[in-house]
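Going by TrEMBL, these are the annotated features:
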ACT_SITE  Cys235  active site, nucleophile
BINDING   Cys126, Cys127, Cys209, Cys212  [4Fe-4S] cluster binding site
DOMAIN    47-215  domain 'Phosphoadenosine phosphosulphate reductase'
REGION    219-239  region 'Disordered'
Amino acid sequence: MSTSTPAAADLTDDELRTLAEQAGAELEGAHPREIVAWAARTFGPDLVLASSMGDEVLVHLAAQAAPGIEVIFLDTGYHFAETIGTRDYYADFTPIHLTTILPLRTVAEQDAEHGARLHDRDPNLCCALRKVEPLERGLAPYRAWITGMRREDAPTRTDIAVVGWDARRGKVKLNPLAAWTQADVDAYVEAEGVVLNPLRQAGYASIGCAPCTRAVAPGEDPRAGRWSGTSKTECGLHT
Ligand code: SF4
């Protein structure tokens with residue numbers, strides 16, 4: 001992976017935001033591989049990809065565009081075994097450097113403190129403890145992060161930029177797949193032979209923690225399987 005350019009590493013937040021906004025305009029329409037490659041050249045070791053292994057295409061593509069790229073995986077303690085297996089495949093067989101980030105408390109410790117099945121009673125608190133805090137800790141050393149968000153994922157995501165400024169965290173946020181449709185993703189998977197989470201074959205279109213994810217029927221909104229039966233649509237990582 002290329003080293004960080006001194007210019008990028010030394011930029012102030014204002015300068016970084018300007019860089020991100022300019023890059024977002026210039027790279028709109030570029031292939032996601034090109035966007036990741038630009039990020040790797042620009043930020044070097046200050047760049048990280050955050051993956052839940054529900055975005056296998058992004059991990060595959062980043063490994064090609066930026067071999068050695070840093071990847072963080074948030075192990076909430078509630079993942080499907082298939083998701084952990086997918087993480088292990090990409091960590092062991094593709095050129096990424098993956099670090100697993102754990103919550104501050106195990107599930108048992110959380111149960112002792114808040115009672116069992118917090119995800120049923122207060123999913124926002126559960127996500128805050130098991131996803132959001134670990135993400136903030138995992139992102140802290142970096143100035144730029146990559147996500148697998150796409151505009152068509154949800155009404156809350158229709159205006160995301162391919163490169164933008166994450167004002168809350170003071171970091172550049174890259175969404176290389178922002179403009180891709182599900183058809184684009186499917187075509188890439190087929191053309192490149194991307195290894196997918198086996199749950200996809202069982203109808204899991206959007207994959208999160210086991211207690212909060214169900215399979216969807218053909219034609220159903222892919223994210224209808226997340227926090228099904230509640231009004232919750234986001235885990236808090238991107239809000
Ligand atoms: S998705 Fe569900 S189990 Fe996972 S952290 Fe959020 S509430 Fe908890």
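Note that the numbers count up from 1, one per residue, in the order the chain is shown.
For all residues, glycine too, the Cβ spot is worked out from N, Cα and C.
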The one of Cys127, Cys212 whose CB sees the fewest other CB atoms within 10 Å, among these binding-site residues: Cys212
PLDDT averaged over the residues of the domain 'Phosphoadenosine phosphosulphate reductase' (47-215): 96
For Cys126 ([4Fe-4S] cluster binding site), the three-state class that DSSP assigns: helix
